[in-house]
Amino acid sequence: ATPSPPTLYGLCSCEQPNTDGSLAYGCLAMDYIPQITSVSWKKDNEPITTGLKTYPSVLNKKGTYTQSSQLTITESEVGSSKIYCEVRRGESVWIKEIPDCKGDKVHPTVILTQSSSEEITSRRFATVLCSIIDFHPESITVSWLKDGQHMESGFVTSPTCGVNGTFSATSRLTVPAREWFTNKVYTCQVSHQGVTQSRNITGSQVPCSCNDPVIKLLPPSIEQVLLEATVTLTCVVSNAPYGVNVSWTQEQKSLKSEIAVQPGEDADSVISTVNISTQAWLSGAEFYCVVNHQDLPTPLRASIHKEEVKDLREPSVSILLSPAEDVSAQRFLSLTCLVRGFFPREIFVKWTVNDKSVNPGNYKNTEVMAENDNSSYFIYSLLSIAAEEWASGASYSCVVGHEAIPLKIINRTVNKSSGKPSFVNISLALLDTVNSCQ
């Protein structure tokens, strides 16, 4: 057979670049006799020795040969160089320049957007989003500047996402509200294929109404202290920035607390609770609520402990009944529990009927009030009951808890057959006091 030279074709993968950012070049040698000696690759005049895969030659039906070779290389390695395929047979050399596999350059559209002033104030930080849209090839560099100085932290750039041959990406900058409201200039800088684009956005000049967080600590309820083995401390943080961290400690030891809840009574509050033993609370130990946030120069701390009481005074408890003439004349009558002479002021008063708890909605307690000499306190509790229930002989108990009581709890019980309780006229002033406390 008469020798014939190879016909060379330069090939590119249909989708460039590949998902890993690499480019695939192909070299196809066809219709030659005899077989060729070698297939090699060059970048400009430099031999390429990695990323090569040359397939065995194939004898065609018409008696000629075909052979192919593939080069896998990254865009950055190619740069602006030209890629060549070189085929040898003996002393003969054939060279084919491979077409540019990088495709057309499409520079991105860069858009900056920011969160609203209301959101910045409520969440205590500003978010600036840099959207980088429709570019090719994939490789880009994103950086942020503040007043012209490169920033090292505070932003996150997402991986690129390819759709229909072009790519998109986003970069998100987070700025503390106090800093945002100081009129600084923030710049998103995008570099793509030798072209750099910058987009600027300026923080607000409106003063930030971002008051420092305020910590309020709430002790456990007196009922919990007297009746339960564990008690709950509550930390309410007002003016809390978004993402605030609230923790509890006791003498430098971290305590396991309930997850902080945001919001509380208002949109800027955080509530955190911790359960401790009642014994630890009664011992007077100090417990700390610690508030941390990136916008705070140092953590905020507040402490709480049970105050030592030196002059405990046990309450006296009496149940008073409406005037006798009212009992038979009305469908309802009132029982009043008078608790007086106690110190300190922390106390609980509730009712039971036949040893079952009465719904708190069915009775009303006044505020704890100081006696005339201001050395002790008193409180009233008013229970309204149906006359027929009283007539049936049901037993009603006023249950009082106070730390000065030896057994912590006092019960005073009354019913129709237990003997006549004291009959008193409930003054309008007392009723007004009860009603005003609801």
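Quick reminder: no glycine exception, Cβ is built from N, Cα and C everywhere.
As recorded in Swiss-Prot, the features of this protein are as follows:
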CARBOHYD  Asn164  N-linked glycosylation site
CARBOHYD  Asn200  N-linked glycosylation site
CARBOHYD  Asn245  N-linked glycosylation site
CARBOHYD  Asn275  N-linked glycosylation site
CARBOHYD  Asn374  N-linked glycosylation site
CARBOHYD  Asn411  N-linked glycosylation site
CARBOHYD  Asn415  N-linked glycosylation site
CARBOHYD  Asn425  N-linked glycosylation site
REGION    1-99  region 'CH1'
REGION    100-205  region 'CH2'
REGION    206-308  region 'CH3'
REGION    309-418  region 'CH4'
Within 10 A of the CB of Asn275 (N-linked glycosylation site), the number of other CB atoms across every chain shown is 15
The mean pLDDT across the region 'CH4' (309-418) is 90
Glycosylation sites considered: Asn200, Asn374, Asn411; fewest surrounding Cβ atoms within 10 Å belongs to Asn374
Taking all protein chains shown into account, the Cβ-based neighbour count within 10 Å for Asn245 (N-linked glycosylation site) is 13
Using DSSP three-state counts, the residues of the region 'CH1' (1-99) come to 4 helix, 57 strand, 38 coil
The DSSP breakdown of the region 'CH2' (100-205) into helix, strand and coil residues is 11 helix, 60 strand, 35 coil
Smallest Cα-Cα separation from Asn200 (N-linked glycosylation site) among the glycosylation sites Asn245, Asn275, Asn374, Asn411, Asn415 is shown by Asn245
Residue counts for the region 'CH3' (206-308) under DSSP, helix then strand then coil, are 11 helix, 44 strand, 48 coil
Integer Å value for the Cα distance linking Asn245 (N-linked glycosylation site) with Asn275 (N-linked glycosylation site) is 18
Cβ-Cβ distance under 8 Å, sequence separation of 6 or more, same chain as Asn415 (N-linked glycosylation site); the residues meeting this, in order, are Trp390, Gly393, Ala394, Ser395, Tyr396
Grouping DSSP H, G, I as helix and E, B as strand, the residues of the region 'CH4' (309-418) number 14 helix, 54 strand, 42 coil
